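Enquirer: First the structure, which I've put down as structure tokens, then a few questions once you've had a look.
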Amino acid sequence: AGLQGAMRELNESSFDPVTFVLTGIPGMEESHVWISVPFCLMYLAAVFGNSAVLVAVATERSLHEPVYLFLAMLAASDLLLCTSTVPRMLAVFWFGAREISFDACVAQMFFTHFAFIVESSVLLAMAFDRYVAVCDPLRYAATLTPAVMAKMGAAAVARGFCIMLPPVFLLKRLPFCGRRVLPHSYCEHMGIARLACADIRANVWYGLATALLSSGLDAALIAASYALVLRAVLRLPPAEARLKALSTCGSHLCVILTFYAPAFFSFLTHRFGHHIPGHVHVLLADLYVVLPPVLNPLVYAARTRPVRERVGRLL
């Protein structure tokens, strides 16, 4: 019995994965080089655009106001989101570097989801900023003080860390019995969990709960804040005043749509769209880690004159 137990323990430990294998976009391996070109260009544009926004806000004292500081937070989370995923994705596409260690895979999963949650929190804070600016403008400066801004930024980071720490331990506790192929371009929570040879209901329910209570809750609160903003705007007597108030929210609404629309579409199709081909799921997931970081600086540079002018002077 002792010998059998030792052999069983040896067999189980020998199947613990030293590495996983990322497939890239399953079924489209022959097109990886061509697919990599737009992703590489988008990544370079995202790094350049968000870095320019960060430098502009950091070096121009006139931009040290809540709306621009929120923009800097958004740029930082965008940089983390795309940098934690796209370089590894390009390595798979270009060099066939598909193997990734278990610890590196979990680390990538942590930073990807962490950046997504932080960005969602920043977008919620920006919606609160627009609500105060439109609905209670006389108290704007007293409400959004530098101390409040610092607390909001710290809360966004702490929230992302606290939400994403449990999945690390939920994955670490799982046994893996030889299945190593991860049909994705990067590591994400449920993709790793499905390779385990154990009950993963805790991972499934935690993933669903965090999606609903983080990004889902944020989206609902953002919608509620804009409903209040719209109600306040419609009560303004002159048409010009209504247009001016709405224009201050336009760029933020564009950013919200580019962030949440592909993410929720990917989330819903991944869980309920079982008839949708696997390569479509992966392409959507690849896009939502690179598309918002590309578009956000363009939207704000196009609609926010002080940022556009400061970036222009830097260039």
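For all residues, glycine too, the Cβ spot is worked out from N, Cα and C.
As annotated in TrEMBL:
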TRANSMEM  33-55  transmembrane segment
DOMAIN    49-300  domain 'G-protein coupled receptors family 1 profile'
TRANSMEM  67-86  transmembrane segment
TRANSMEM  106-128  transmembrane segment
TRANSMEM  140-166  transmembrane segment
TRANSMEM  204-233  transmembrane segment
TRANSMEM  245-268  transmembrane segment
TRANSMEM  280-300  transmembrane segment
Enquirer: Among 67-86, 106-128, 140-166, 280-300, which stretch has the highest count of C-beta pairs below 8 Å with the transmembrane segment (204-233)?
Expert: 106-128
Enquirer: Quickly jot the same-chain residues contacting the transmembrane segment (33-55) by Cβ under 8 Å, restricted to those at least six beyond its ends, or write none.
Expert: 25, 71-72, 75-76, 78-79, 82-83, 86-87, 89-90, 93-94, 286, 290-291, 293-294, 296-298, 300-301, 307, 311, 314-315
Enquirer: Could you give the residue numbers and ranges of same-chain residues that sit at least 6 residues beyond the transmembrane segment (67-86) on either side and whose C-beta is under 8 angstroms from one of its C-beta atoms?
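Expert: For the transmembrane segment (67-86), the nonlocal Cβ contacts are 39, 43, 46-47, 49-51, 53-54, 57-58, 108, 111-112, 114-116, 118-119, 122-123, 125-126, 129, 133, 149, 153, 156, 185-186, 255, 286, 289-290, 292-293, 296-297, 300, 304, 306-307.
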Enquirer: Taking only the residues in the domain 'G-protein coupled receptors family 1 profile' (49-300), give me the average pLDDT of this model.
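Expert: Value for the domain 'G-protein coupled receptors family 1 profile' (49-300), mean pLDDT as a whole number: 87.
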